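Working notes, beginning with the structure itself.
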Amino acid sequence: MQRLLVLKETFSSLDVSQQQQILIGSAVAVGGILAYKLLQRRKPKVLPLGQGWWGKGTKPMSEDDQIYPFRIQTSDEEIEDLHARIDRTRYADSLEESTFQYGFNSTYLKRVVSYWRNEFDWRKQVDVLNNYPHFKTKIEGLDVHFVHVRPPPSKNQKIIPLMLVHGWPGSFYEFYKILPLLTQNHDGFAFEVICPSIPGYGYSEAPYKKGFNTLAAARIFLTLMERLGFDKFYLQGGDWGSLITTNMAQMKPDCVKGLHLNMVMAARGFKQLLSIIIGPYLPFLVGLTREDVRRMFPFFQKNVVEILKETGYMHIQATKPDTAGCAVNDSPVGLAAYILEKFSTCTDLKYRDLADGGLERKFSLEDLLTNIMIYWTTGSITSSMRFYKENLQGDPYSREDALLGVSVPTAVAAFPNELLHTPKSWAEPRYSNIYSYTYMQRGGHFAALEEPQLLVDDIVGFVRKVEKL
């Protein structure tokens with residue numbers, strides 16, 4: 001109180017001009033503090049990058065950060081071993097008229113394996129894989145593999161960096177059909193595309209330590225983009241790639257110009273519960289469209305019963321991946337049945353009622369077996385399955401990244417046969433800056449391999465909107 005009186009007397013003793021200067025200065029200072037606080041509040045929160053070391057042993061003092069060319073190779077011994085194992089396969093008889101309702105039908109499996117053994121040319125497919133430039137670089141103790149494709153030179157063409165991230169049981173090869181479409185000129189711009197393999201998948205080295213999840217993968221891929229010299233870029237992902245690219249956008253929103261997803265996991269809450277109750281009757285009241293209603297309801301059947309039917313593999317891989325991994329890593333036919341069944345049901349659930357699982361309706365056996373061979377020749381199926389355990393050990397909805405929003409421009413390509421449909425109104429609480437949300441005409445989970453042109457058109461349209469081209 002005494003100090004206040006002293007200040008008051010001091011202020012009163014000043015002349016009018018001095019008093020005005022003090023008042024103006026104080027007002028400016030207070031205004032500056034308020035403005036700073038407001039900007040801090042508006043500035044999007046970022047996900048901490050963290051740090052990690054996933055190589056063997058202890059982390060060294062320094063790490064080789066060079067990028068090296070890489071070529072996929074094969075040998076007579078590798079192919080002979082594959083054929084010998086195929087020839088020793090012991091099949092289980094399928095039940096009569098069981099189609100794909102019990103899993104991969106062994107009658108049709110024999111036809112696939114016959115093609116694999118007698119017609120499929122792995123050497124030829126290795127040449128196909130090597131059509132695009134491959135590289136490896138050491139990040140956090142692991143050799144990280146990636147494909148890097150630049151567009152053909154063209155005058156007055158803007159080059160836009162784009163990273164594509166796959167999921168399980170896919171690989172970088174999923175994107176081979178869209179690479180030539182993305183790198184062509186789109187009326188003034190073209191994409192420079194980077195397709196990494198998630199560590200533990202294909203030609204990327206598997207982690208040697210526990211805990212490697214999407215956050216670690218996101219940090220490694222951000223390091224990769226920085227190492228390649230990109231400070232601004234776009235991201236695209238589905239399946240695990242959707243979560244990895246989302247984490248990348250949360251960690252470095254200033255670097256990510258746009259995020260394109262073909263699978264979105266929605267947050268849980270009262271709004272979603274209300275939508276489930278009211279949605280079938282008054283969808284407009286809860287932010288749903290007629291198309292949302294058609295894809296989501298009856299809710300219990302489509303979102304509980306069907307999910308339970310189709311996620312048994314997830315429960316195994318999220319708990320004891322190494323147990324199942326021992327079997328499918330040893331048997332090429334077992335591996336093919338395990339993976340290809342997903343390419344059937346995740347493309348269209350109706351394919352379960354077909355004797356051949358509808359596999360060749362959207363895919364060629366050559367493409368499907370090339371993806372299988374990437375897993376087989378690298379022995380990476382078990383390490384890829386572990387990714388589920390590392391990400392699903394706890395409640396994924398309580399993880400730090402699940403509680404943090406995404407502020408970068410976002411696009412959602414909602415394919416009608418995706419196992420889970422996420423309406424725009426459900427995605428918005430997490431992705432606050434959705435530039436485009438497209439109900440795709442057709443297609444399922446493996447969009448890049450199944451509907452390459454549709455996916456590319458949506459990516460191009462989104463980027464054109466963000467770039468104002």
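Using the three backbone atoms N, Cα and C, a Cβ is placed for every residue, glycine included.
Now, the feature entries from TrEMBL:
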DOMAIN    68-175  domain 'Epoxide hydrolase N-terminal'
ACT_SITE  D239  active site, nucleophile
ACT_SITE  Y388  active site, proton donor
ACT_SITE  H445  active site, proton acceptor
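Other Cβ atoms within 10 Å of the Cβ of the residue listed as 'active site, proton donor' number 20 in total over all chains. Cα-Cα distance from H445 (active site, proton acceptor) to D239 (active site, nucleophile): 8 Å (rounded to the nearest whole number). The C-beta environment of the residue listed as 'active site, nucleophile', restricted to residues of the same chain at least 6 apart in sequence and closer than 8 Å, consists of H166, G167, W168, G170, M263, H445. Residue environment of H445 (active site, proton acceptor) contains 23 other Cβ atoms, counted within 10 Å of its Cβ in all protein chains.
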